[in-house]
Structures are given as structure tokens and as C-alpha cells.
Amino acid sequence: MKKKPFYKVLYVQVIFAIVVGVILGHYYPSLATEMKPLGDGFIKLIKMVIGPIIFCTVVTGIAGMEDMKKVGRVGGKALLYFEIVSTFALVLGLAATHILRPGVGFNIDPATLDGKAVASYAAKAHGQSTVDFLMHIIPNTMVDAFAQGEILQILLIALLFGSVLAHLGERGKVVTDFIDGLTRVLFGIVHIVTKLAPIGAFGAMAFTIGKYGVGSLVPLLKLIGTFYLTSVVFVLVVLGAIARFTGFSIIRFVSYIKEELLIVLGTSSSEAALPQLMEKLEKAGCSRSVVGLVVPTGYSFNLDGTNIYMTMAVLFIAQATNIELTWMQQLTLLAVAMLTSKGASGVTGAGFITLAATLAVVPTIPLSGMVLILGIDRFMSECRALTNIVGNGVATVVVSAWEKELDRAKLRQALKGGGEVAATETAGV
């Protein structure tokens, strides 16, 4: 098969678009901020099909299962994996901040901080209890779940729908075949929309640099560097060890999903690459049923980048305001963060709202301390989203392997470069 010219390869186009966006934002900030609709429009186009794709993928996957106990088994294994790896991420964020101490030396008096700038985030986080979170999973109506794009609500509907179809067997085959065909159409739409990724990445990056400016990074470069370094260590060491134990290379896996990662880098939203990630994982040998259950669930329960950010940001604020936290308080922080992080989604800004929810129940640290990192949160959200999507990809491969539903020949072929061939074959859809 003839290789495409490099300038026609999607990830090359996205890299170029990001660079152009940075240049425009730096030299022409007023014009760059006008590019925001390009990024927002691309994300909206992707989010338009996320709900239907999750519904169709989960329904067809469950409907094809002979043993309905498998649904609970896969879900249980996924949640167990999420909790273990999330704990590693939270502890790593805490440990890295203790070792590198990015907040030491600021000597900020908490009384001088104006909390008005973060009041809206605090308001959104207020009152989000575990019961509220669980009740929110149940939609008011089926239509409302799709209209609002609530992933967990759609997942619940799909689980019920797929379970009934599996119980009906041949009597429900017509509906199953229709949904399977609809899935192909939806992924065809994704392929078309993905071609617009460079435009979306350009608009989002130009707006970010134009509005906040590169200069806003300088005072807090140590915190940004600590967060990015810790995230890289988490991916290479923690996820790398998990990947090697499962039988694949984390470096090759990251290379395999590079297009999705660049889309996330440009838009700061891991949701922007959700449909493409699900398709890539199926092509890499993961079964559709496991992909359909693990990936959507992971977008609320397996946010590794957000977990690292949570403990790091809280401890940074404590260091910057010279507040000493006892080990018991830090253990409480870990427990609280384990719960509050489950309410975060893949949307830009969700991590900051989750941070507000965590600080609200750790009264030792002032909520107004969030002002210290408000200006750089947008630049840290890229790293959060990148780490989240890699973590969910690895989780899906691992759970597929646990279920003995991982085609290792397909996985080896994909990680050796077979994914590029598959992507080329579907480009004309």
C-alpha cells in the first residue's frame, strides 16, 4: 500500500496547527482569542456523536454475550483496576510535591487572597455528595440523558437495553442488527469530523495562548514542570509496568494512539478523542463488549491525570501559604480525593471544579488558595487529559486480557504499525 505524503498524515497536520496557534496567540493575541469558536465547534461535533456511539457499542457488545454474568464480572474487574491505579496516581502526586516542593518560597498570606475569581468553581462543587453523584447516574428520561450528553446515564440505559436484547435472543436480532449498522454509520461520521481536528486544535491553542499569554506561566513554572514530570513518570513507570506485565510496550501503545493524543493536546478535552480511542482499541484486539464497558466508565472513574493534579495542587497551595499538614490530614486528603475525583469528566475545567470540591472538605487549606493556580490551570489541563486518555486505553487492554478477550496477534500487529494501515483502510468511510 502506497504511503501517504507526510503533509496528509493527520497527526502531522495537528502538530502544525498547534504550532501556528501558539505563534498567532503570542504575536496577535486579540485576533487569536477570536479563534475560540473553531476549537469549541470541533469539540461540539465530536460530543454530538459520543452518546450514540457509547450506547450502540455497549448494546451490541452486551447483546452478543452468552453469559450475562460476564457484564458484572467485567464491570467489577474494571472498577477494581480503577481504584488500584487511581490510588497510585494520588499517592504519586503527593510524593512528588513533597520531594520537589514547588510551593515553598511563595510565603503568601491566605488573608490577602481574593476568592471571588474562583467563586463560580466553588459553587459548582458545593454539595456534591456521594449520594448526589449516584442519583445523578439515573436520568430523568432516556431522551434527557442523550440531550445532556451524560455519559454515565447513557451507559446505564445501554446496559439495561443490551441486557434485555440478550435475554430476547433471536427475537431481538432485528433490533441488534439495526444498532450494529447504526454503529458503523456513527463511526463513519467520526472519520469525517476527525479530518477537521487540525482546525479545532489551531483554534483552541490560539485562544489559550492569546488569552492567558506565555508570560502567565513564568511564576509557576516549577509547579507546571513538577506536574508534567510526575505525569510522564506515572505513564512510563506505573502504566509501563502494568503494560509490560500484560505483554505490551507502553511506548508503542502511546505511539499507536498518537493522533488521538494530539487531538487531546490541541483541545484539552479527552472527550474529543473518545470515539476514535474506542475504535482504535477494537482494532488492537480488545473485544467490543469490554471496550464499550471500560472506556465510558473510565471517563468518570479512571482519571489518572486528574488524580495526580488533585493531591499535587492541594499540597502546593498548602506549601505556598505555609500551612503544615499532618500525615493524618494528608491521608484524609487521599480518601476525599478518591471520592471527589469520580465526579470529574473529560471536559476542560472539570479538574478545577473537582479541586474545589476536595478543598471544601479539607478546611485547613483556604478555598481562596485556588486563585494561585487559576491562571495556569488551562495549561495543566492538557497534561491531565493526555494522562487520562492513556490510562483509559491501558485499562481497556488490561481488562480485555483478564477476560481472555484480547487478540494478541492483532495487538502486536497494531503496535508494530498495523494501526496506520487500519486507519488508512477506514479513511474512505
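Yeah, the Cβs are placed from backbone N, Cα and C, and that goes for glycine too.
Swiss-Prot lists 9-29 (among others) with the feature transmembrane segment, giving sequence analysis as the kind of evidence.
Cβ atoms under 8 Å from those of the transmembrane segment (45-65) belong to residues 71, 145-146, 149-151, 154-155, 157-159, 161-163, 165-166, 172, 176, 179-180, 182-183, 186-187, 189-190, 193, 196, 271-275, 278, 287-293, 296 of the same chain, restricted to positions at least 6 beyond its ends. Residues or ranges marked as transmembrane segment in Swiss-Prot (evidence: sequence analysis): 45-65 (among others).
Residues annotated as transmembrane segment in Swiss-Prot, with sequence analysis given as evidence: 79-99 (among others).
Residues or ranges marked as transmembrane segment by Swiss-Prot: 149-169 (among others).
Among the features that Swiss-Prot reports, transmembrane segment is placed at 185-205 (among others), with the record citing sequence analysis.
Among the features that Swiss-Prot reports, transmembrane segment is placed at 223-243 (among others), with the record citing sequence analysis. When Cβ-Cβ distances below 8 Å are used as the criterion, the transmembrane segment (223-243) is approached by residues 85, 88-89, 92-93, 96-97, 100, 102-103, 217, 249-251, 253-254, 304-305, 308-309, 312, 316, 373, 376, 379-380, 383-384, 386-387, 390-391, 394, 397-398 of the same chain, each at least six residues removed from its ends.
Cβ atoms under 8 Å from those of the transmembrane segment (308-328) belong to residues 89-94, 96-98, 101-104, 106-110, 223, 226-227, 230-231, 234, 334, 337, 340-341, 351, 354-355, 358-359, 362, 364-366, 369-370, 372-373, 380, 384, 387 of the same chain, restricted to positions at least 6 beyond its ends. Feature annotation from Swiss-Prot assigns transmembrane segment to 308-328 (among others); the stated evidence is sequence analysis.
If you look up Swiss-Prot, you'll see 356-376 (among others) marked as transmembrane segment.
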Contacting positions for the transmembrane segment (9-29) when only residues 6+ beyond its ends and CB under 8 Å are counted: 35, 194-195, 197-199, 201-211, 213-214, 258-259, 262-263, 265-266
